[in-house]
Amino acid sequence: MVNEKINLDKALIVDRKRIILSKKIALYCTLFAIVHFFLDLGQELYQSAVFDLVIAAMIFCCYLLNRLGFYQPATFIGLFLINVAIGLYSSVVPREVGVYLYYFPLMAISSALFGPAQRSKRYFFMMMPFLFLVLLFLTDFQVLGNYSFPAEGTTKLFFLINSLSSGFILVMCINFMLKLNATSEQQLQQLAEEVNAKNDDLERTNLELDRFLYSTSHDLRSPLSSIKGLINVARYDTHDKKIHGYFNMMTDRVERLENFIKDIIDYSKNARTELRHEKVDFNALISEVTDNLKYFEGASSIEFKNEVSIDQPVLADKTRLSVVLNNLIANAIKYHDMRKEQRWIDVKVSDSMGEIKLVVSDNGTGIHKEHQQRIFEMFYRGTLQSTGSGLGLYIVKQAVEKMKGTITVQSEAGRGASFFITVPVTAS
């Protein structure tokens, strides 16, 4: 919220600068028109003097609108009327007077008065002077035909005045844009420094949090093991079935907490450790994972299949691959469908164009479509009946991404699920 307020304040400052610039330009242009009015009167060029007075009045009205807070209308009306007035004036006085020179600072004014959010308006008002110039030169400065104001003997003086006036406004606009650009660069530099400082703080905080999680999780495992041991010892001191039931519930809760702590440790390890490339024998790895999970409830009634079609040694992060397989196969066991006579889990591994293709499929309960987009979120559980921590698939996704891989899921409720993993590999 603080950063948003700072950015908003900076934007308001820039807009205020544009408003101040438009007021200055309006006053200077009014002043130049009045100077022209008196010069034309002195030369007895009464028609030109009236035109000067009309232009001065229009510009001053725009200045007053600006002062009253109607910045946008004042800018639009002012730029439009000045473009038209200069075009008409240029067509009734000799070209040598140089009234058309004001179109060049008008382009710069249009660029300076409109910000990035008003790009279309900026381009429109920048193109308008250009189109008027083209029209004037195509008609040989006779847009209104042969009608013209008398201006004999004054062309050199007025050309000098118009050149200096248009040059002054042009320099003022360029100077404003240069200052604005310098301010923007300063702000960008400041923002970059703030972002870098926040990133450093965030990395330091994340590192400290990971260390805390890892340390705390390890410290909790020893007391839990002691509790399990004490429960097992206490079982032999009583033959009361009701008390044995309580012991079973206590053991179940301790095991759930152990699994949760294991998930936290896996997550912390994945975040803290760098990639380690070592030779991976997928047949041995899959056997190791399934052997560790064969005592899970319901695992004995499930057929485990695997098909490894990698015919050469590969280098990959064995630890993370083990975590991925362990979590996916454990989930497949946990959500097997007891209503089916044949229950199976199939693991396929192949190597294609320098990538490991790993597919873990099952014919379990499957995943409903509304949950498939969120199953990889931290602590997400599809049902209230789920006994897991909600970290397993999140850890899988984090581990796969750490290996610069991808993971997707295809599933249909009641028909099972398939997880497709692709991980870059280095051939040894």
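These residue numbers are counts, starting from 1, taken along the chain as shown.
Positions of Cβ are set from backbone N, Cα and C atoms, glycine also.
Any TrEMBL annotation is an automated prediction that lacks curation.
For 21-39 (among others), the entry in TrEMBL reads transmembrane segment.
Positions annotated as transmembrane segment by TrEMBL: 45-65 (among others).
Within the same chain, residues 22, 26, 29, 48, 51, 54-55, 58-59, 62-63, 65-66, 99-100, 102-103, 106, 109-110, 113-114, 121, 125, 128-129, 132, 135-136, 139, 141-144, 147-149, 151 sit at least 6 positions outside the transmembrane segment (74-93) and bring their C-beta atoms closer than 8 Å to a C-beta of that stretch. Summarising the annotation, TrEMBL assigns transmembrane segment to 74-93 (among others).
If one looks beyond the transmembrane segment (99-117) by at least 6 residues along the same chain, the residues whose Cβ comes under 8 Å of a Cβ in the stretch are 14-15, 18, 21-22, 25, 75, 79, 82-83, 86, 89-90, 93, 125-126, 128-130, 132-133, 136, 141, 162-163, 165-167, 169-170, 173-174, 176-177, 180. What TrEMBL records for 99-117 (among others) is transmembrane segment.
The transmembrane segment feature in TrEMBL is assigned to 124-145 (among others).
Residues annotated as transmembrane segment in TrEMBL: 157-178 (among others).
Taken from TrEMBL, the feature coiled coil covers 174-208.
Under the heading domain 'Histidine kinase', TrEMBL lists 215-427. Confidence for the domain 'Histidine kinase' (215-427), expressed as mean pLDDT, is 83.
Long-range contacts of the transmembrane segment (124-145) within the same chain, counting only residues at least 6 positions beyond its ends with a Cβ under 8 Å from a Cβ of the stretch, are 79-80, 83, 86-88, 90-92, 94-95, 100, 103-104, 106-107, 110-111, 114. Non-local neighbours of the transmembrane segment (45-65) in the same chain are 23, 26-27, 29-30, 33-34, 36-37, 73-75, 77-78, 81-82, 85, 89, 92-93, 149-151, 154; each lies 6+ residues outside the stretch with a CB under 8 Å from one of its CB atoms.
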